[in-house]
Amino acid sequence: MAYASKPFSPDLNRGNWEKPTDYIFACFGLALKLDIFVASYYFFFNMGIFGMVPYLIYMVIFLVPIMVIHSYMGQFSSSGFISAFRLSPVCKGMGYVSLILTITLLIYYAIFAAVPLLFMLNSFRPTLPWSCEAFKSWENDTIVKLSICNVIIAEHVAKESENETYISAIYVPSIVYFQSHFESFENDIGDYDISWHLSGLFALVWAMIAFIFYKFSEPAKFGKCIRYMVIGTVALLLVCFVRFLFLPGAHLGLKNYMTPSIEEFVVGISSTFIMALQAFGAGWGSVIALSSFNGFKTNIMSYSWIISFGQIFIYIMFGMVSFMLGHYLKGFTEPSFEAHVISDWMLFLATASALSSLGWPNLWTFIYYTMLLMAALIVITTQIFTILQSLFDEFEQLRAKKQEVTFGLIGGLAVCSLFLCTKHGVVYFATLSIDAIFSQTLLHLLLLLVILWIYGRERFQRDIKFMLGQPFASWKIFILRYVAPPALVICLVLEIEMCLEEHSYASAVIHVMAIMLLGLPILAIPGYGIYYFHQRPGSLSALFRATDWYPVEMEYRQQYGELVQHSDMTHQLFDGTEEVN
């Protein structure tokens with residue numbers, strides 16, 4: 001770890017986006033983090049389109065102002081989510097927590113690329129393995145095959161209690177097909193046995209990621225790559241949406257999406273706030289790192305609004321697709337307490353069965369899962385990009401070893417992700433996703449404390465006006481200081497309940513992983529503060545002052561130095577930090 005007293009040495013050769021809009025597309029890509037839909041479907045998805053109403057309220061009073069704060073930290077300092085805390089060095093531990101959170105996500109998120117790759121590769125077979133024709137040949141003593149319309153559904157009948165009441169769990173064939181890649185999915189035998197088929201897919205995923213960084217590691221090239229990938233992903237999503245409109249019952253799904261019940265709306269209001277937190281990326285600090293490649297005068301105010309509306313559009317599109325698919329699958333059985341369609345991972349697993357009933361099923365399977373694969377690759381590569389740039393900004397000695405660090409990180413993540421090739425990992429990884437949401441909310445709360453209280457609202461507003469030439473409204477400051485914190489505290493309480501519920505079903509291994517990867521890292525915040533106090537003895541007020549907080553470009557640095565020359569901030573504006581070692 002770098003000494004707390006060591007002056008910051010900016011990397012003047014780190015580069016910028018090829019186009020200013022590359023920052024917008026990169027942030028659009030953060031909304032493609034689809035594990036929140038898998039892990040929390042029942043928390044907010046049933047709200048339908050009206051779930052966006054509280055989201056819009058959150059966007060005005062919380063999401064956009066905090067996105068401006070994140071963007072300000074990165075753009076003003078031209079630094080990643082660790083070094084940007086030069087603004088308040090005693091709180092730099094928040095940057096290290098963000099680092100660990102992002103790495104934790106990447107350990108399990110490869111599953112969201114491997115599953116689409118599985119269905120993509122099988123789409124080249126003459127007969128889809130989960131189709132009616134192929135499914136008829138399956139033999140499993142625990143499954144009774146029933147033909148409903150032109151789709152075969154596997155029905156598992158379970159005795160509920162001693163009063164002879166039975167519940168039929170109706171499994172979608174594509175889910176049964178995915179489960180067949182493990183030795184046993186119905187009992188505890190072989191929980192930790194690796195599925196070598198799945199591990200091969202993981203290897204292909206990480207090979208794709210390594211190739212992307214081999215060809216597009218520079219910010220300008222990476223931004224261009226992400227720009228085209230995001231455009232391609234959204235275009236394929238629109239194509240799939242139009243095709244799904246012709247599924248039986250799709251119009252009923254859209255109607256339900258547009259007119260949810262009052263009960264569903266009320267239940268979902270608080271959980272929509274959780275969805276809003278996903279705008280900042282998996283590890284919380286993604287926007288800070290991405291904005292650091294903006295030009296110093298980039299209008300992050302207007303960009304934050306564009307990004308928020310673009311992310312809403314992506315959420316709505318996936319919501320409508322899920323509702324159409326859900327109603328299509330539920331149409332194979334009459335609504336009943338005794339029968340329930342198991343359509344887990346609606347967007348990833350159950351959809352394959354719906355696609356198999358279309359004309360040209362192989363083509364549509366390939367198109368749909370290509371879209372999901374691209375979405376996953378965007379999320380993974382963007383998070384790795386922010387990690388790498390944050391490390392290179394903070395640790396000057398790593399800049400000469402960029403290639404070694406890049407592929408070392410990718411290789412380490414590939415090895416750690418093998419846990420997701422086990423039945424146990426596939427079943428319980430969602431618990432870590434819910435725990436990460438709690439950590440992100442806590443970091444948002446602490447960030448408001450750091451920016452608006454420790455650094456100070458006056459300094460923050462002064463910096464924004466200097467950088468953008470326009471003020472940050474005082475009413476937004478009031479909301480962020482006095483309204484957003486109580487809302488975040490309430491959200492933390494709700495998330496604790498969610499975490500406890502998830503962990504009540506999880507195993508001891510997941511409990512330990514959550515403590516090691518998400519619980520203990522929070523201690524880095526007070527831990528780094530203590531370390532910083534030890535390295536820089538002095539008065540308490542001096543320890544909380546910003547150090548080396550200035551624009552990297554000399555022209556703006558000189559202007560900023562003149563602006564704050566009589567302030568209490570400690571700068572090293574003209575100390576020859578331009579030299580790159």
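Heads up, the Cβ atoms here are built off N, Cα and C, so glycines get one too.
Note: TrEMBL annotation is automatic and uncurated.
A sphere of 10 angstroms centred on the C-beta of ALA31 (Na(+) binding site) encloses 25 other C-beta atoms. Feature annotation from TrEMBL assigns Na(+) binding site to GLY29, ALA31.
Sequence annotations record features per position, and here TrEMBL assigns transmembrane segment to 23-43 (among others).
If one looks beyond the transmembrane segment (55-73) by at least 6 residues along the same chain, the residues whose Cβ comes under 8 Å of a Cβ in the stretch are 79, 81, 84-85, 87, 272-273, 275-276, 279-280, 285, 287-288, 291, 294, 300-301, 303-305, 307-308, 312, 315, 444, 447-448, 451, 460, 463-464, 467, 472, 476, 479-480, 483-484, 487. As annotated by TrEMBL, transmembrane segment applies to 55-73 (among others).
Summarising the annotation, TrEMBL assigns transmembrane segment to 94-121 (among others).
Residues or ranges marked as transmembrane segment by TrEMBL: 194-214 (among others).
Feature annotation from TrEMBL assigns transmembrane segment to 226-246 (among others).
What TrEMBL records for 266-290 (among others) is transmembrane segment.
Summarising the annotation, TrEMBL assigns transmembrane segment to 302-325 (among others).
Under 8 Å from some Cβ of the transmembrane segment (366-388) lie the Cβ atoms of residues 26, 29-30, 32-34, 80-81, 99, 102-103, 105-106, 109-110, 112-113, 115-117, 119-120, 123-124, 205, 208-209, 212-213, 222, 226, 229-230, 232-233, 236-237, 239-240, 281-283, 285-286, 289-290, 347-348, 351-352, 355, 402, 405-406, 409-410, 413, all in the same chain and six or more residues away from its ends. The feature transmembrane segment is assigned by TrEMBL to 366-388 (among others).
Per TrEMBL, transmembrane segment is recorded for 409-431 (among others).
Look at TrEMBL and you will find 437-456 (among others) tagged as transmembrane segment.
TrEMBL lists 477-496 (among others) with the feature transmembrane segment. Residues of the same chain lying 6 or more positions beyond the ends of the transmembrane segment (477-496) and with a Cβ under 8 Å from any Cβ of it are 61-62, 65-66, 69, 270-271, 273-274, 277, 434, 437-438, 441-442, 444-445, 448-449, 452-453, 457, 460-461.
According to TrEMBL, the feature transmembrane segment maps to 508-533 (among others).
Within the same chain, residues at least 6 positions away in sequence whose Cβ sits under 8 Å from that of GLY29 (Na(+) binding site) are ILE226, MET229, VAL230, ILE378, VAL379, THR382.
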